[in-house]
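Read the structure below first, then the notes.
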């Protein structure tokens, strides 16, 4: 057996973590031969619930789970971790302005960034799930200057999974037959789900999703809207936000980051923008990426329609605004953003 790795999940007593912890501890992310020490970090009012989660993990009798470390102390939570799932965040409440939400989350992700900087391994892979995920990842990275900024990412894989599922259902093919449907921009209602790069395998032949569906009205209309508004639709139906699907997407994201992507396959990750595809630089922007040796690389040279370019411009503008608002509430001594 390999040496155990330490993995932290924040918001560990919450809904998403309840599904996520089991998937990680079963070996679905880091491999079936990789022992895990799970660090469960949450806030003091959640300690009682956390104790119940620890009991349940013990009762699962999972062979790969070497130890569970429940804590409310970031110094303990982030100590020597190789991977971090930052799930805990301040949820948006009714009547709350975006600036209020950003202000509350800046404080959370500043603390976590500082703890990562001080206590985590320097090659730690950090996935931000808690919303607003893109800008929370940006803030977190800015407070962890000793960790390479390419080690911070925001989750748009849930959006990609939603988009892939919609296309597969529309074409009547298995999920596994559809690849390279991607998400551009922010994990918000301005994101652009793009089927224009997608491929589908049917009856042994590979064709573009655009040709297979042959309905631009759908691909530019209800497809985009369904994916953009899916989170709200789940809340309306469940009276709670997406949890199982968000946990699965977090696992998919980290699994591919850890193990790499198959040749010719792209996945969506919110990463620091280098200005590719005319996106604003130095925001966390979702791009199609390929991954090798735990390093992601933005897929270059894709052809975008004028419709797609318009959508990228809208989501890029929102991310720039979020960044500027987050900057305005950050400490004045932080200049490396």
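Just so it is clear, glycine is given a Cβ too, placed from its N, Cα and C backbone atoms.
Whatever TrEMBL says is automated annotation, not expert-curated.
Summarised by DSSP class, the composition of the domain 'Lactate/malate dehydrogenase N-terminal' (6-152) is 67 helix, 27 strand, 53 coil. Marked as domain 'Lactate/malate dehydrogenase N-terminal' by TrEMBL: 6-152.
Sequence annotations record features per position, and here TrEMBL assigns NAD(+) binding site to 42, 105, 129, 130, 131. Listed in sequence order, the residues of the same chain lying 6 or more apart from residue 131 (NAD(+) binding site) and placing their CB within less than 8 Å of its CB are 89, 91, 92, 187.
Marked as substrate binding site by TrEMBL: 92, 98, 131, 162.
Residues annotated as domain 'Lactate/malate dehydrogenase C-terminal' in TrEMBL: 156-327.
Per TrEMBL, the feature active site, proton acceptor maps to 187.
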Item to check | residue 105 (NAD(+) binding site) and residue 98 (substrate binding site), distance between Cα atoms, whole Å | outcome: 11
Checklist outcome for this item: The number of other Cβ atoms within 10 Å of the Cβ of residue 98 (substrate binding site), counted over all protein chains shown, is 15
Checklist outcome for this item: residue 105 (NAD(+) binding site) and residue 162 (substrate binding site), compared by Cα position, are separated in whole Å by 26
Checklist entry - Does anything in the same chain, at least 6 positions from residue 42 (NAD(+) binding site), have a Cβ under 8 Å from its Cβ, and if so what? => result 10, 11, 12, 13, 14, 49, 50, 70, 72, 88
